[in-house]
Amino acid sequence: MGAALLSEFATEIVVPVCAVIGIVFSLVQWVLVSRVKLTSERHASGSNKNGFGDSLIEEEEGLNDHNVVTKCAEIQTAISEGATSFLFTEYQYVGIFMIAFAILIFLFLGSVEGFSSKSQPCTYDKEKTCKPALATALFSTISFLLGAITSVLSGFLGMKIATYANARTTLEARKGVGKAFIVAFRSGAVMGFLLAANGLLVLYIAINLFKLYYGDDWEGLFEAITGYGLGGSSMALFGRVGGGIYTKAADVGADLVGKVERNIPEDDPRNPAVIADNVGDNVGDIAGMGSDLFGSYAESSCAALVVASISSFGVNHDFTAMLYPLLISSVGILVCLITTLFATDFFEIKGVNEIEPALKKQLIISTVLMTVGIALVTWIGVPSSFTIFNFGAQKAVKNWQLFLCVGVGLWAGLIIGFVTEYYTSNAYSPVQDVADSCRTGAATNVIFGLALGYKSVIIPIFAIAISIFVSFSFAAMYGIAVAALGMLSTIATGLAIDAYGPISDNAGGIAEMAGMSHRIRERTDALDAAGNTTAAIGKGFAIGSAALVSLALFGAFVSRAAISTVDVLTPKVFIGLLVGAMLPYWFSAMTMKSVGSAALKMVEEVRRQFNTIPGLMEGTAKPDYATCVKISTDASIKEMIPPGALVMLTPLIVGIFFGVETLSGVLAGSLVSGVQIAISASNTGGAWDNAKKYIEAGASEHARTLGPKGSDPHKAAVIGDTIGDPLKDTSGPSLNILIKLMAVESLVFAPFFATHGGLLFKIFQ
């Protein structure tokens, strides 16, 4: 077997040091962003590469208006206050749920052995004694709360950074597109690195603290750690659904009345829903996405750790090999740090057409560097041969096979990212065909868009399928868990690219509201269009990794619940499969309807203001922004409860009443159908959005024949975009949380279900 080359002491140092480096790097980026001042003093003379103090366009054109800077600062404050107040309201509700669910975890897991505090035989090795079930209950509850708090913090910090950076990006756009890009990207990096490093550090500290009590009982220790993933994902669910409903209610309301009925541009300050729309970008796309990816990261780490604890790593107490998942994430932070410098310091963006390639290069550079990083970690962090637990047996694995498992996940992520980009970027034919179909009205646009979404599922599913086959063949369920970690190993870069989108979108909105010149709006639009595509790439990553994470958790659940085989031909399992496959549809129906009903209220309010406030269309009176913000807040808080309850209660109800076999069917069914719907919904919405932007930008001969803004094809494109909004920003992204969350929840409650579950079948036997 042999031991890893890296000593236990070295591992204890490497992991926290990498996490701290990540946190320090994000703070440095934040300091650099904060050097762009939101005051109208003259900049210091003397130019440097990052352009603090270059001459402004306005000054060259002789219209240096200091009011513009003041206006930008005012708008930024309004957006920031709206986002903060919404998140605080959301977290109050989520906090109540968190405490209630923590009590539930403790009661359910504690009751497995009747709350006894005696040691018990281990689950997988009956000759050894392990810590009592009561300890697992207590520590699972603690790790659940840790995961939940870290998740909430990740989302909140991300939102704060984004609202801090949006107006600064707008002001930098006056100096050129390159300067604005650097500010937006740096701010995204702050969020990416903070989240990756915090997630790693908290998990590392939790493992070491729990170890003080558990000692040599690693099986119990890592079973308790799974609560961390459950906490992370349950908060992400409410963040994603609540934020998604908020942002899309405002967006749909603002678009339908403003653009289609009143023919005013997007983000026009006369539109009452415009502040709510910009707040929505931050609470949905930033806070929601941050919590979501943190949840994926926490769960894939937990799934890998649980399987490793009952493999030779855990049995032989090889701490370095045991922490292999954390070592991958540590190297990922260093790799992403180097990658980020390529975008901000090594190369400078000069023209609009260089933005998208720069973002795509980020993905490629991080993937190539990470491949080397994984090879290094696998070589020094894992013994040359070891065994992995495989449904009751131990499977012999070599370290190069483990490297291939992580590598295949990493590259599958890149493939999914690029396929998503091909189907959602207006530089390629699929979106251009959708734009072209707007000639004959909204109906053909909708038909083409739906077809594009369904077709875009094909290659990602093959990529996921191949990575599952390769990683499972080599290293069983552990292979799948580390493949998911491979896909998420470059999470800091992925999040930086993802957060860049909403920041640029906000920057464009602020430019429009502050009445800045057309040239500046063109620059922010170019940043935003690239951001739209990268947001779609980010969603692709999130969905792909969710599929792998969910499967790894499913494997861990099946092992923990002592199910020997999941046989589809038994009625218990088959009914579970059918019901599981239906759940993503039920969930999507709830979230879509929530957006629809909230948008309806928003449309009525915006119409009311246009009709009753004299001088609003002329621009002499100010709209009442606060009422629209309140409509979005109230709707999303009220509407996020039912979809959240559906996801959280399903595993509990199925496990208690129908038992673990039926629950395994439900998990498999929801995974298989959820992934397909999530990919098609995200890509359909992204394509409609970019088809509209393609017509608006009028950059090619073909686009100009469809435009300008306000033409019939453009109106058809706006309708398509509006239909796509809830698909790409509410239902689609929330589905990946549904499939992960149900799996991790089943794993945490597995001891209870295995002991007391299946009440109905017990009665009727």
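Even glycines carry a Cβ here, placed using N, Cα and C.
TrEMBL does not curate its annotations; it predicts them automatically.
Feature annotations, courtesy of TrEMBL:
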- 13-33: transmembrane segment (TRANSMEM)
- 93-112: transmembrane segment (TRANSMEM)
- 132-159: transmembrane segment (TRANSMEM)
- 180-207: transmembrane segment (TRANSMEM)
- 322-343: transmembrane segment (TRANSMEM)
- 363-382: transmembrane segment (TRANSMEM)
- 402-423: transmembrane segment (TRANSMEM)
- 457-485: transmembrane segment (TRANSMEM)
- 541-563: transmembrane segment (TRANSMEM)
- 569-587: transmembrane segment (TRANSMEM)
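If one looks beyond the transmembrane segment (180-207) by at least 6 residues along the same chain, the residues whose Cβ comes under 8 Å of a Cβ in the stretch are 15-16, 18-23, 25-27, 29-30, 32-33, 36, 50-51, 142-143, 146, 150, 153-154, 157-158, 161-162, 164-165, 168-170, 172-173, 221, 225, 228, 232, 286, 290, 293-294, 297-298, 301, 305, 323, 326, 329-330, 332-333, 336-337, 340, 343-344, 349, 355, 358, 491-500, 503-504, 507, 523-524, 527, 531.
In this chain, the transmembrane segment (569-587) lies out of contact with the transmembrane segment (13-33); the count of Cβ pairs under 8 Å, excluding pairs fewer than 6 apart in sequence, is fewer than 3.
Proximity of distant same-chain residues to the transmembrane segment (93-112), defined by a Cβ-Cβ separation under 8 Å and at least 6 residues beyond the stretch ends, is recorded for 133-134, 136-138, 140-141, 144-145, 148, 152, 227, 230-231, 234-235, 238-239, 637, 641, 644, 648, 748-749, 751-752, 755-756. Nonlocal intrachain contacts for the transmembrane segment (322-343), taken as residues 6+ away from its ends with a CB within less than 8 angstroms of a stretch CB, comprise 6, 11, 14-15, 18-19, 21-22, 25, 29, 182, 185, 189, 192-193, 196-197, 199-200, 203-204, 207, 218, 297, 300-301, 304-305, 308-309, 313-314, 358-359, 361-362, 365-366, 369-370, 373-374, 376-378, 381-382, 402, 406, 481-482, 485-486, 488-493, 496.
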